[in-house]
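Take a look at the structure set out below.
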């Protein structure tokens, strides 16, 4: 029948299996087999109704088969309702993705100021440490010590070294031995005593002079030994050679 042609092969095979018929063959064979089975069933039912009802049974031509076609059409029309649910769910998924992206962006923006504040704090600490060091170097105590050392160097006619004076002033402030004062006193004592000055010059001259060679010892001769000399003389007489003095 015409309504079987609109069905799929799988549906046709299901109907044939329900009726106990063979499901082998292509779609046309399945449709023809199914229509033949339905026609035979309809004939049997009509015959039974005719025997039961007699003249009250309607003829086959008066049976309206349009209701069955409408049923199949209504089922076909109602089937494409599923993709609509998928289409409606797609915008909802897109909205959820947009919300997730917005939350990620908000987290990144909230974390960015924390890193900037950490860099600013580090910069402030470095500036404070530099300022504290400069305050230590330029404190009034260090300036006073520098002035004292400069005046002392001028008094004894010693050349002034700014870097050495700074180190000595810093050492005096923290209670460390002052290398500048000790070196200045040493130079002053050497310049004041001429004997010390001459001794230092002689020491310097001795350092620069080449080392003196040790006196060479006279090589010992074998003939200096009287025993060895006698042996040599006898050997010379034996071989007819004149003995060496």
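Positions of Cβ are set from backbone N, Cα and C atoms, glycine also.
As given in Swiss-Prot:
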COMPBIAS  58-70  compositional bias 'Acidic residues'
COMPBIAS  109-118  compositional bias 'Polar residues'
COMPBIAS  119-130  compositional bias 'Basic and acidic residues'
DOMAIN    4-38  domain 'SAP'
MOD_RES   139  phosphoserine
REGION    32-245  region 'Disordered'
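The DSSP breakdown of the domain 'SAP' (4-38) into helical (H, G, I), extended (E, B) and coil residues amounts to 24 helix, 0 strand, 11 coil. Per-residue confidence over the domain 'SAP' (4-38) averages 84 (mean pLDDT, predicted model).
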